[in-house]
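The block underneath contains the structure these notes are about, expressed in structure tokens.
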Amino acid sequence: MAANITATHPYYPLGVDIPGYVANTLSTQTILAIFSTACAGALLPALFLIRRAAPKLSTADLTTAMWFVLCGCIHLVLEGNFAVTHVASGSSVLNQLWKEYSLSDSRYLTRDAFMVCMETITAFAWGPLSFILVYLITTNHPARYFLQTVVSLGQLYGDVLYYGTFFHEDIYRGLEFSRPERYYFYGYMVLLNSFWIVIPTFLLVQSGKATVAAFAKAGKTGKRD
């Protein structure tokens, strides 16, 4: 009989069924500190290696390479964990991080079909390709802008759908997936995801300009020949 009792939880909509839910044992501050430390632990060695491999790399390209290092780590490790794990019932640090974020969007704990599909593609497509992009940027490879377009467009498209499905459910079905405290909605859901709107958009524009410039240069060269 005890197995049929649904554990109480702080997630919205109120009363949403989260099978196997296990409460976090780490505080919010601890979870955020671990996440920040892990990001720094990935970025600092990457910065050293990139500078060593390409000392003449411009600041703009170095920044872009570091962005894709961060993307690769988050996509492959964090989102990859979500793709292959039922995070609601887990107690690992990664699962607890997801449960903290899910206070702003409980669909991650209910294994919403869209979330599973979107995060799986993000993890196992954009994750590895982000690391390949770091190499292409560092070596000034001619395929850099093509792959940058593919990954950035994929990230932007996924994030737009993420926002779109969230607000569609809220507006048309009255389902609120975020707790009422504003810092969960604006701090977690809006702010954190906005990076994958703003930066991919900038990189798409950059890639477009580079492609146009390359074709313009090729056209002029062809006319001369």
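A Cβ is built for glycine as well, from the same backbone N, Cα and C atoms used for every other residue.
These come from TrEMBL:
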type	residues	note
DOMAIN	60-204	domain 'EXPERA'
TRANSMEM	31-50	transmembrane segment
TRANSMEM	62-84	transmembrane segment
TRANSMEM	113-138	transmembrane segment
TRANSMEM	145-163	transmembrane segment
TRANSMEM	183-205	transmembrane segment
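Broken down with DSSP, the domain 'EXPERA' (60-204) shows 119 helix, 0 strand, 26 coil.
Along the domain 'EXPERA' (60-204), the predicted structure has mean pLDDT 97.
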